[in-house]
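Peer 1: Let me begin by handing over the structure; questions about it come next.
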Amino acid sequence: MKIYLVGGAVRDQLLNLVVKDRDWVVVGATPDDLLSQGYQQVGKDFPVFLHPQTKEEYALARTERKAGSGYTGFICDFSPTISLEQDLSRRDLTINALAQDLDGKIYDFYGGLTDLKQRLLRHVSPAFAEDPLRVLRVARFAARYHALGFTIASETRELMQQLSQSGELSNLTAERVWLETEKALLEPHPEVYFQTLQEVGALQVLFPELAALQGVPNPAKYHPEIDTFVHTMLVLQQAVLLTENTDSDKSAVRFAAICHDLGKALTPKEILPHHYGHEKAGVMPTRRLCQRFKLPHAIQDFAELCCEYHSHIHKAFELRAETILKLFNRLDVWRKPERFKALLLVCIADTRGRTGFEQVDYPQREFLWQLYQSALQVNVQDIIQQGFQQQAIRDELNRRRIIAIKQTRAEILPRFTNPC
């Protein structure tokens, strides 16, 4: 029985990156061999075991043979005669098909070391095309290692295009697509994930609402990048920068960033490049997207709010106190202040996600937050103690909040609109 460290741990170690998870392959052993040494079996379809002390995963070496459609139709063989080379042959990319024995020796049967040096994401074998999920995985690795200069090998890109055109992507479950996408949203460059899917033809299959933004123009005065898909990717980049060191729900903010302008794909051609009413128009495609991938209600609600109200927030200085209160009530800022903060981050990303506007200030955030704080000082208990009942309590609460917002707005607006 021989044990090897495999996959991402070896890859990241060689890239001088922090190793987060360590996976092991066991060659020349049976399930009984590991069980007798105290390992705990957790895999059903093929034996995966947890180490009795470290709880790291140890899998018996195996081969896989395609026996159906999608990413689940595989027959596994995990007999003790399976070699390390055979096991590594089923990996997706050469840089993931590296192994290291307990003495530190590296095993590279498929050119992974060379591809690491050349910063290439290359498939191990033609069997890559048997699993459509690998299109998303490669796009995610491109998003992860973009800053290190990694690119996708041309022959691998061709296979990804073939898979995208084959209809195999439609066999992927919504949950699996979202799992890969959510992981990609948390990578350093998630925009590369979506750009890669677009380039190989997968975006149109999996995210048609987002793909529809390609070629939709914006006014050059406000959007020098013009193309709405390009703008959306720039907004996503900014959302990453704004959330990387915050407590905000990163995946929710970044997902909302890619949804915020979906309504622009529905703009009548005769009024382009203007997009009157795109905010409300974007709610339905966002809802369809969320429901198709069975996303949590909190993520869907947040994305829809970002679609419908981001322009209100951009125009905060123009809004009357009554309108601001309606906005606060619709956003439920009283019970969900953290969601309000996150929405403001999406609005900042939207403003900065334009060519040449990456460093602009966004005073609307502080302005609205101060108005929210002033309205928050209105005490509902005081209203109740003064004898108001039922609907009259709500009406009086709104009236007093409007007064508070008006007063604070009058005091601070000149400072924001005439900073000199």
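Any Cβ shown, glycine's included, is placed from N, Cα and C.
If you look up Swiss-Prot, you'll see GLY8, ARG11, ARG91, ARG137, ARG140 marked as CTP binding site, on the strength of sequence analysis. Feature annotation from Swiss-Prot assigns ATP binding site to GLY8, ARG11, ARG91, ARG137, ARG140. Taken from Swiss-Prot, the feature Mg(2+) binding site covers ASP21, ASP23, and the record attributes it to sequence analysis. Per Swiss-Prot, domain 'HD' is recorded for 228-334, and the stated evidence type is sequence analysis.
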Peer 1: Mean pLDDT for the domain 'HD' (228-334), as a whole number?
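Peer 2: When the pLDDT values over the domain 'HD' (228-334) are averaged, the result is 96.
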Peer 1: Which of the binding-site residues listed here (GLY8, ARG137, ARG140) have a Cα atom within 10 Å of the Cα of ASP21 (Mg(2+) binding site)?
Peer 2: GLY8
Peer 1: In the structure shown, which of the binding-site residues ARG11, ARG91, ARG137, ARG140 has the fewest Cβ neighbours within 10 Å?
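Peer 2: Sparsest of the binding-site residues ARG11, ARG91, ARG137, ARG140 by Cβ contacts within 10 Å: ARG137.
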Peer 1: On a C-alpha basis, identify the one among GLY8, ARG11, ARG91, ARG137, ARG140 that is nearest to ASP23 (Mg(2+) binding site); the candidates are the binding-site residues.
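Peer 2: When the Cα distances are compared, GLY8 comes out closest.
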Peer 1: Name the residue among the binding-site residues ASP21, ASP23 whose Cβ has the smallest number of other Cβ atoms within 10 Å.
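Peer 2: It is ASP21 that, of the binding-site residues ASP21, ASP23, has the fewest other Cβ atoms within 10 Å.
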Peer 1: Under 8 Å Cβ-Cβ from GLY8 (CTP binding site), six or more apart in the same chain: what's there?
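Peer 2: Expected: VAL19, LYS20, ASP21, ASP23, ASN96.
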Peer 1: On the DSSP side of things, how many residues of the domain 'HD' (228-334) fall into helix, strand and coil, could you say?
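Peer 2: Helix, strand and coil residues of the domain 'HD' (228-334) number 80 helix, 0 strand, 27 coil.
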